[in-house]
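K.L.:
The ATP binding site annotation in TrEMBL covers G147, Q148, T149, G150, S151, G152, K153, T154. The domain 'Kinesin motor' annotation in TrEMBL covers 57-390.
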Amino acid sequence: FGLLVRHPGRIHSATVKSVDTFKSTAMCSVFEAVFYLYGFYSTSLIAGLLSQIEPHKICVCVRKRPLNKQECNKKEIDVVSVPGKGTLLVHEPKQKVDLTKYLENQVFHFDYSFDENATNELVYMFTAKPLVQSIFQGCMATCFAYGQTGSGKTHTMGGDFTGKQQNSARGIYALAAQDVFTNLNHRRFANQDLCVYVSFFEIYNGKVYDLLNKKAKLRVLEDDRQQVQVVGLEEVCVFSAEDVIKIIQTGSACRTSGQTSANANSSRSHAILQIVLRCNNRAATLHGKFSLVDLAGNERGTDVSSNDRSTLVETSEINRSLLALKECIRSLGKNSDHIPFRMSTLTKVLRDSFIGEKSRTCMIAMVSPGMASCEYTMNTLRYADRYRDGVSCPNNGHGQAEPLKSQIFLQRDELVFSVVFIVMHVLLNKIQH
């Protein structure tokens, strides 16, 4: 049972079913019923409690996707495994001088790791959900997906794919929007009189294009208060999560894509969905902002199908902006006085997510499990590992939260096992009669 809680990436989707599911399965198997109950309590309790006690600004997670159809047809070996809550293993293929082949285990540690069975909802619960809470407290939050093209970034952020059709209601974009309106209607925030605005734009070759206004080209300027403004960006006032989902669908259809060796429809731009809370007054004062970023795939020039000049420039610009983002995150983690956000357009538009005490950041590193992608997977994990190394908080980034977290785990186990004992006692009595 302890494995289910301490390894969130391995929690099966069935464990978050409702208590009704528990009731319907109880007579089938006492132990199945206990499994459902424990999983239900573990997921909801830990997600709620840990979101309140993690004090560090940067959360670094990794998600492994399943082998895709192309990899299965080639009979590729799965070289990535997720043995624990924050641990990921890469079984890297090596070759000795005598040409003997072997696998060498490379171990990486992050805040959370998710295996191929994890759903978007589960990933969201441990990554972006706590950031939604923070913007109601006046924070500037950023959650971005990073990884090789074809590793599942757009699936995670935008929603599940069925063929070429995307279900936008099942991605982190939409899940965050649903939680924003849930919080907005809560009595705790009802008296703040807040309005929700959404913008959706892409950065392609260092230029900004509005995905909600026929891809109009926009300028990025810094005003006299040193605030970066995207001039002319359309902000749409929304009143429900359904409004946001329609905006996601409209913007995603306009996004720039291209063909690579790993993905026939690879995103070649950084897409940024911003959910903005403004006070409902004449000045529409900014209260909080959540930037959700689906980054372009990181690859080398040789990975794209065509190697013409424009494609090489495109790839170079993508890699340059990703390097700039890495430097900003590292500086943020080290509490540096200078954040080099002017290095690229991407980091410029995300400036308020890096500057100030109220900035919060979460990185979701996406990895492909096939042996052919092992080099790219290692590069992604090293990139994410540098972020984690940059976090300056003591005790592995958790500061004073670690003793409290251990106490919560202990109290949770006591509570749940007490409930389990009672339920088993009642069920066994019913079965005997």
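Backbone N, Cα and C define each Cβ position, glycine as well.
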K.L.:
Which of the listed binding-site residues (G147, G150, G152) has the least company, meaning the fewest other Cβ atoms within 10 Å of its Cβ?
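P.N.:
With the binding-site residues G147, G150, G152, fewest surrounding Cβ atoms within 10 Å: G152.
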K.L.:
Through the lens of DSSP with three states only, how would you label K153 (ATP binding site)?
P.N.:
helix
K.L.:
Look up Q148 (ATP binding site) in the DSSP assignment and reduce it to helix, strand or coil.
P.N.:
coil
K.L.:
Considering every residue in the domain 'Kinesin motor' (57-390), what is the mean pLDDT value?
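P.N.:
Taking every residue of the domain 'Kinesin motor' (57-390) together, the mean pLDDT is 87.
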K.L.:
Using Cβ atoms only, which residues of the same chain lie under 8 Å from T154 (ATP binding site) while being at least 6 residues apart in sequence?
P.N.:
A145, Q166, S267, D294
K.L.:
Ranking the binding-site residues Q148, T149, S151 by other Cβ atoms within 10 Å, which is at the bottom?
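P.N.:
If we count Cβ atoms within 10 Å for the binding-site residues Q148, T149, S151, the smallest count is at Q148.
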K.L.:
With Cβ-Cβ distance below 8 Å and at least 6 positions apart along the chain, what are the contacts of K153 (ATP binding site)? List them in sequence order.
P.N.:
A145, Y146, G147, S267, D294, L295, G297, M366
